[in-house]
Amino acid sequence: MEKLELVEGKVDWKGKSAVKGKHGGIKSSLLILATFGFENVASLALAVNLVTYFNGGLALLAIQAHYPKLKPPPCSIFDPTSRCEKIGGSSAVLLYVALYLQAVGSAGIKAALPSHGADQFDEKDPKEAKQMSSFFNGLLLAVCLGGVVSLTLIVWIQDNRGWDWGFGISSIAMLLGVTIFTVGWPIYRIQASQGTSAIIEIIQVYVAAIRNRNLHLPEDPTELYEIDHDKEAVMEVEFLPHKDIFRCLDKAAIQPKSTGQYGRLETPNPWKLCRVTQVENAKIVLGMVPIFCCTIIMTLCLAQLQTFSIQQGLTMDTSVSKSFHIPPASLPIIPIMFMIVVIPVYDRIFVPFARKHTGIPTGITHLQRIGVGLVLSCISMAVAGILEVKRKSVAQDHNMLDAIPVRQPLPISTFWLSFQYFIFGIADLFTYVGLLEFFYSEAPTGIKSISTCFLWSSMALGYFFSTILVKIVNASTKDVTRSGGWLAGNNINRNHLNLFYWLLSLLSLINFSIYVFVAKRYKYRPTNPVALNEKDKARGKEELVLHGDIMKNENEDLGFSM
């Protein structure tokens with residue numbers, strides 16, 4: 001009889017231990033990738049084309065788009081003679097309810113699916129560790145494939161058949177995604193509940209460190225509190241070695257000298273005394289915060305490609321042939337098509353080649369991959385500024401600075417904008433996938449299931465700060481420009497968008513310099529540490545056995561090497 005190989009820390013949908021070959025692996029991850037792809041079919045067209053919709057949210061958006069009474073009459077903000085009415089009353093309520101529902105649903109999917117997909121693989125198994133790296137690359141490929149459909153079929157339907165049709169088909173795509181995900185329920189590996197909240201445990205570390213702030217920190221870290229490392233504990237509880245960083249948090253693990261009435265140590269109050277492993281998990285999360293912050297500005301740059309670049313495209317010649325015009329919102333299709341080719345090449349050729357030379361399962365470290373993307377985003381903004389100068393020079397040379405977008409296109413092809421999209425698309429391949437892998441692999445076991453939401457939180461902050469930056473730039477430049485600010489007004493031909501792009505490029509360069517400084521000092525967490533040395537149990541020492549490939553020794557400089 002063949003012996004079943006159980007997956008440690010994972011269960012099936014019935015709560016029983018997951019079995020390799022039956023649960024998880026490539027087959028279940030493909031269903032998750034398909035679900036993510038369909039979600040992108042439904043949402044990407046909305047992200048890039050909503051500017052067009054507001055210039056003339058899924059089921060509720062379709063209803064509003066279908067019934068004229070639920071929306072104001074069409075208008076063109078580019079036409080000075082056009083009269084535009086502001087939406088209000090029940091129509092505004094329906095619009096915002098639909099948009100927020102779509103945002104909540106999309107946030108839930110994007111936060112949970114990548115982590116759930118990564119849970120289908122065992123990090124301790126060298127073969128499955130490599131497959132997990134391929135899964136994250138496949139995740140971006142699924143996004144691109146969904147994006148192709150969204151940016152061509154859905155955008156065309158929205159622009160030519162009506163937004164009600166577009167939103168309706170997006171709803172159907174999302175329903176298909178949910179159906180596919182549900183089919184795979186019996187074969188999924190599910191992260192087993194730890195019994196305690198890892199987030200609460202991290203908060204406890206900070207509370208305990210503050211409460212113990214006046215206590216003397218022992219020089220020998222083995223004097224800090226940790227439970228016994230017996231074999232049963234090793235199988236059930238995670239152990240991490242002490243690191244000599246963020247020593248202020250070590251005060252949370254200072255053992256009290258008082259004992260109970262029977263001469264034994266009293267049961268520790270978790271809000272005043274924490275395990276060393278608990279403290280180390282808090283250190284890991286704190287160490288990831290600077291990396292998290294350094295990636296916000298990249299999304300700030302992405303926001304411009306989804307807004308101002310679309311406005312640029314509306315002023316340009318969108319014809320592909322005499323009878324076919326590409327919608328400006330479909331411009332990202334160019335880098336996406338390229339990425340569909342590049343991603344398999346990266347995963348199947350570059351990663352194995354780099355792996356042979358570095359010994360790292362992912363080819364290069366997560367932080368190196370993120371750094372490459374940050375450099376490319378800086379270059380993308382610089383190129384965008386140069387192309388905006390070219391576009392405005394065409395408008396000036398042909399006396400078309402006040403031309404009405406779409407109706408009076410400039411004699412310059414909208415495909416010129418593909419250069420900035422192309423460079424930023426490659427940046428996506430490196431940074432966003434690198435961030436997903438980084439947050440999942442580095443996060444404490446208890447929060448791995450939500451670890452990838454750190455990426456989406458970073459992106460959300462990027463979009464939020466984009467709005468703030470635009471307002472700051474307009475307020476700072478309103479007295480030195482005729483338009484009342486670099487980005488003020490509806491006539492993009494008389495704005496100074498090129499200067500704004502170059503400002504973003506400069507900010508990105510400064511941000512990258514800070515990132516290099518932070519990344520060089522980051523220490524990767526050990527892979528699967530296990531306490532083995534029985535002689536050192538009483539003193540709290542342990543040996544580390546690292547299963548599979550390792551990135552580097554923790555005492556080395558593991559950050560981004562130039």
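For all residues, glycine too, the Cβ spot is worked out from N, Cα and C.
Summarising the annotation, TrEMBL assigns transmembrane segment to 134-157 (among others). For the transmembrane segment (134-157), the residues of the chain that approach it from at least six positions outside its boundaries are 29, 33-34, 36-45, 48-49, 114, 117-118, 120-121, 165-166, 169-170, 173, 327, 329-330, 332-333, 336-337, 339-340, 343-344, 346-347, 351, 428-429, 432-433, 436-437, 440, judged by C-beta separation under 8 angstroms.
The transmembrane segment annotation in TrEMBL covers 169-188 (among others). If one looks beyond the transmembrane segment (169-188) by at least 6 residues along the same chain, the residues whose Cβ comes under 8 Å of a Cβ in the stretch are 12-13, 22-24, 27-28, 31-32, 34-39, 41-43, 45-46, 58-59, 62, 105, 116, 119-120, 149-150, 153-154, 157.
Sequence annotations record features per position, and here TrEMBL assigns transmembrane segment to 284-305 (among others).
The transmembrane segment annotation in TrEMBL covers 325-346 (among others).
Residues annotated as transmembrane segment in TrEMBL: 367-387 (among others).
Among the features that TrEMBL reports, transmembrane segment is placed at 419-440 (among others). Counting same-chain residues at least six beyond the ends of the transmembrane segment (419-440), those with a Cβ under 8 angstroms from any Cβ of the stretch are 114-115, 118, 133, 136-137, 139-140, 288, 291, 295, 298, 301-302, 305, 309, 331-332, 334-336, 338-339, 342-343, 346, 362, 366-367, 369-370, 372-377, 379-381, 383-384, 387, 448, 451-452, 454-455, 458.
Here TrEMBL flags 452-473 (among others) as transmembrane segment.
According to TrEMBL, the feature transmembrane segment maps to 499-518 (among others).
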Stretch of maximal Cβ-Cβ contact with the transmembrane segment (367-387) [cut-off: under 8 Å; candidates 325-346, 452-473, 499-518]: 499-518
Closest-packing stretch to the transmembrane segment (452-473), where packing means Cβ pairs under 8 Å, from 284-305, 325-346, 499-518: 284-305
For the transmembrane segment (284-305), distant same-chain residues with Cβ under 8 A (at least six beyond the ends): 202, 245-246, 249, 332, 367, 370, 373-374, 377, 380-381, 384, 420-421, 424, 427, 431, 435, 438-439, 442-444, 447, 454-455, 457-459, 461-463, 465-466, 469, 500-501, 504, 507-508, 511-512, 514-515, 518-519, 522-523, 525
Within-chain partners of the transmembrane segment (499-518) [C-beta distance under 8 Å, separation at least 6 from its ends]: 290-291, 294, 297-298, 300-301, 304, 308, 370-371, 374-375, 377-379, 381-382, 384-385, 388, 473, 486-487, 559-560, 562
